[in-house]
Amino acid sequence: MSQEQQRRAREDEYGDLFDVGSELAEKPVKPRDAAMMQTAKNEMFGQIQRGRAATTMQSGAARNERAGLVGHDNMPEVTSEDGVTITETNLPGRRGKTESVGGQVVNQYSLRSPIPTMTPSSIYQTDNSKYGDGSITIGEALEAAALTAGQKPVEWSDAAAIQAAEVRATGRSSIVPGGVAAAAQSAANLNARTLRDEDKTTLADILGEATSKLPSDKPASRRDAEGVAGAEMRNDPNLNTHPAGIAASVAAAARLNQRK
């Protein structure tokens, strides 16, 4: 084998492509290894995702084959025992992926996943209000919005609606330091400078424990709903409210409270 071939063999071992242990690191990537990872990815995603382990393995295997270091149909010495695997972990609003070769992790990442479609009314019917008469509070309405529109990146319209809700819940004329409104304003400011949606702060991140961040709370009323809707609409570029967002959740709570 020439020195050039030896250099290429080192470049296209697993250790040159991934951060793995020495046993796997010193083995060359073979076309059948890459094919097995591609098959696993196809079964899970329906297509190869650029920049993931399958693509990296395909590139390394192709270089090894062109250099004459491995054959196209060589048996995969790494994957014959532990195989190529892709496992998935479900988290609220995200799916974690772990790709392994020969029992060693070669890539980990997460993707946004849809939160099951819900309506504020369906949530309120299953949750117990802290008020004995079953009234839904503004804080509880904010938490419901974390479920109905949790994946939505926080925008200025959301921050304005959350501020209006917090002011009405607490009876204060200013926002609470360290509260949900302050967090929403910081998130909206940061999101405006963030390019990728997957890197933005979502409503679920801000409102998941809204009631515990309010120094006081009260049942949502029709006037509260109107005030929150007005704040959200005025700060939206299209003068609209989100169909499952803050205003919608407070309005649903107010309707249920009015019936009771």
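Including glycine, each Cβ sits where the backbone N, Cα and C put it.
According to TrEMBL, the compositional bias 'Basic and acidic residues' annotation covers 1-12, 215-226. Per TrEMBL, the feature compositional bias 'Polar residues' maps to 105-126. Residues or ranges marked as domain 'SMP' by TrEMBL: 14-67, 136-193, 201-259. Residues or ranges marked as region 'Disordered' by TrEMBL: 1-31, 44-126, 208-244.
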> So what's near the region 'Disordered' (208-244) in sequence-distant terms, Cβ-Cβ under 8 Å and 6+ beyond its ends?
Replying inline: 118-120, 130-131, 135-143, 145-146, 148-149, 152, 155-161, 163-166, 168-171, 176, 178-180, 183, 250-251, 253-254, 257-258
>> Counting by DSSP secondary structure, give me helix, strand and coil numbers for the domain 'SMP' (201-259).
In response: 36 helix, 2 strand, 21 coil
> Between 0 and 100, where does the mean pLDDT of the domain 'SMP' (14-67) sit?
Replying inline: 76
> Could you count the residues of the domain 'SMP' (136-193) that DSSP puts in helix, in strand and in coil?
Replying inline: 39 helix, 2 strand, 17 coil
> Do you know the DSSP helix, strand and coil residue counts for the domain 'SMP' (14-67)?
Replying inline: 37 helix, 1 strand, 16 coil
